[in-house]
Amino acid sequence: MKIGIVGAGAWGTALAQTIAAEGAQTLIWAREADVVDSITTSHENRLFLPGIPLSPTLRATQNLAELTHCHAFLVVTPAQHLRAVLSALPAGGQPLVLCAKGIEEGTGLLMHEVARAVRPGSPVAVLSGPTFAHEVARGLPTAITLAAEDRDLGERLIARIARPHFRPYYTDDVAGAEVGGAVKNVLAIACGVVEGRGLGQNARAALISRGFAEMTRFGLAKGARAETLAGLSGLGDLVLTCSSTASRNFSLGKGLGEGRSAADLLADRRTVAEGAFTAPVLKAAAARLGVDMPIVSAVCALLAGEASVDTVVGDLLSRPLRSEGD
Ligand SMILES: NC(=O)c1ccc[n+]([C@@H]2O[C@H](COP(=O)([O-])OP(=O)(O)OC[C@H]3O[C@@H](n4cnc5c(N)ncnc54)[C@H](O)[C@@H]3O)[C@@H](O)[C@H]2O)c1
Ligand SMILES: O=P(O)(O)OC[C@H](O)CO
């Protein structure tokens, strides 16, 4: 199965490197000419994954039509660009492995719902979990969820992309895998705020736990299974992203906690902090479903500049006391 990688940010490059490292010729589509040039001539993605040598068997192109002969695509563009990129992919019913973590603005659709709308003839899978790109690209041990309703497709994809250091686990719960990845980015912003404002480790642990309760409530309302939300793509990724400034979402939150504005922090950045886009869409989707997500709402207020850090923290702490399972 020849796999084409669509998107050459940090994550697309790390996945391409994982596949290409064992000698397989691998083709990656990059939007930027300088990224194509950097991968081709220096075997490095200097813009999005600097300092990590890439396999010479990895070839980059700016021309999506060159991917026509691939048998499956790993689609690794940011969530808000998925629809446009899928529309521009060469026609064909190849399986799509969706790797973005987010919810689409305007529609409130999960990534697999966008893919089904744009390419109804293509089977869909989702790849999501606790996976910092720079660690995967260096060959450090990583486990990840691969979700597909069609078990045979899921197992064929796993057989193709698994490596000794890169272990995909199968589930048929596509919505569950996507909800975890989308919601954890918003919660990571909240944990970054705790770090930036110096609120302490107890507060961070409380946010992870109560954030996970929000993720679970929302996921169950979207038809996800609790076991998926408690797995690699949910709790696993939540713990990773809420623990490290290697996370762009956590770093964004840290800046907010230090008193900088979201507009300032997001201006001119080339890399993506998906939680900033997902937060308001998630808040609206939760409201439609009648799901209470106070931490997500607090992140939205901060991102919009509607309230100070101290105000949103005070509001969260003054909520009525309740049972833990509610
Ligand atoms: N970086 C990681 O560690 C990591 C790990 C797992 C999942 N992800 C997810 O992968 C997705 C891609 O993130 P990344 O880290 O590879 O990106 P990145 O921040 O490294 O790079 C930005 C990407 O956005 C693309 N882009 C910018 N404008 C675009 C447009 N108009 N149309 C299409 N593409 C455009 C760029 O070409 C580039 O590929 C995100 O949803 C992210 O949450 C990232
Ligand atoms: O840097 P972040 O916050 O986008 O997180 C990257 C990955 O999603 C971690 O699994």
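Every residue, even glycine, has its Cβ placed from backbone N, Cα and C.
A TrEMBL annotation is a machine prediction, not a hand-curated record.
Copied from TrEMBL, the annotated features are:
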- 2-152: domain 'Glycerol-3-phosphate dehydrogenase NAD-dependent N-terminal' (DOMAIN)
- GLY7, ALA8, GLY9, ALA10, TRP11, GLY12, ALA133, ARG248: NAD(+) binding site (BINDING)
- TRP11, ARG31, LYS101, ALA133, ARG248, VAL272, GLU274: NADPH binding site (BINDING)
- LYS101, GLY129, THR131, LYS184, ASP237, SER247, ARG248, ASN249: sn-glycerol 3-phosphate binding site (BINDING)
- LYS101, ARG248, ASN249: substrate binding site (BINDING)
- 173-313: domain 'Glycerol-3-phosphate dehydrogenase NAD-dependent C-terminal' (DOMAIN)
- LYS184: active site, proton acceptor (ACT_SITE)
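It is 13 Å from the Cα atom of SER247 (sn-glycerol 3-phosphate binding site) to that of LYS101 (NADPH binding site).
Other than LYS101, ARG248, ASN249, the residues of this chain whose Cβ falls within 8 Å of the Cβ centroid of the substrate site are, in sequence order, ASN185, ALA188, THR241, SER247, PHE250, VAL272, ALA273, GLU274, GLY275. For ligand 1, no neighbouring binding-site residues occur among GLY129, LYS184, ASP237, ARG248, ASN249, by Cβ distance under 6 Å. Distance from the CA of GLY129 (sn-glycerol 3-phosphate binding site) to the CA of TRP11 (NAD(+) binding site) is 12 Å. Between the alpha carbons (Cα) of ARG31 (NADPH binding site) and GLY12 (NAD(+) binding site) lies a span of roughly 12 Å. Averaged across the domain 'Glycerol-3-phosphate dehydrogenase NAD-dependent C-terminal' (173-313), the predicted model reaches a pLDDT of 97. The Cβ neighbour count for GLY129 (sn-glycerol 3-phosphate binding site), using a 10 Å radius and every protein chain shown, is 23. Of all Cβ atoms in the shown protein chains, 23 besides its own fall within 10 Å of the Cβ of ALA10 (NAD(+) binding site). Between the candidate binding-site residues, LYS101, ARG248, the densest Cβ environment within 10 Å is the one around LYS101.
DSSP labels the residues of the domain 'Glycerol-3-phosphate dehydrogenase NAD-dependent C-terminal' (173-313) in these numbers: 105 helix, 0 strand, 36 coil.
When the alpha carbons of ALA133 (NAD(+) binding site) and LYS184 (sn-glycerol 3-phosphate binding site) are compared, the span between them is 16 angstrom.
For the pair formed by THR131 (sn-glycerol 3-phosphate binding site) and ALA8 (NAD(+) binding site), distance between Cα atoms is given as 16 Å, rounded to the nearest Å. Checked against LYS101 (NADPH binding site), the binding-site residues ALA8, GLY12, GLY129 differ in C-alpha distance, with GLY129 being the nearest.
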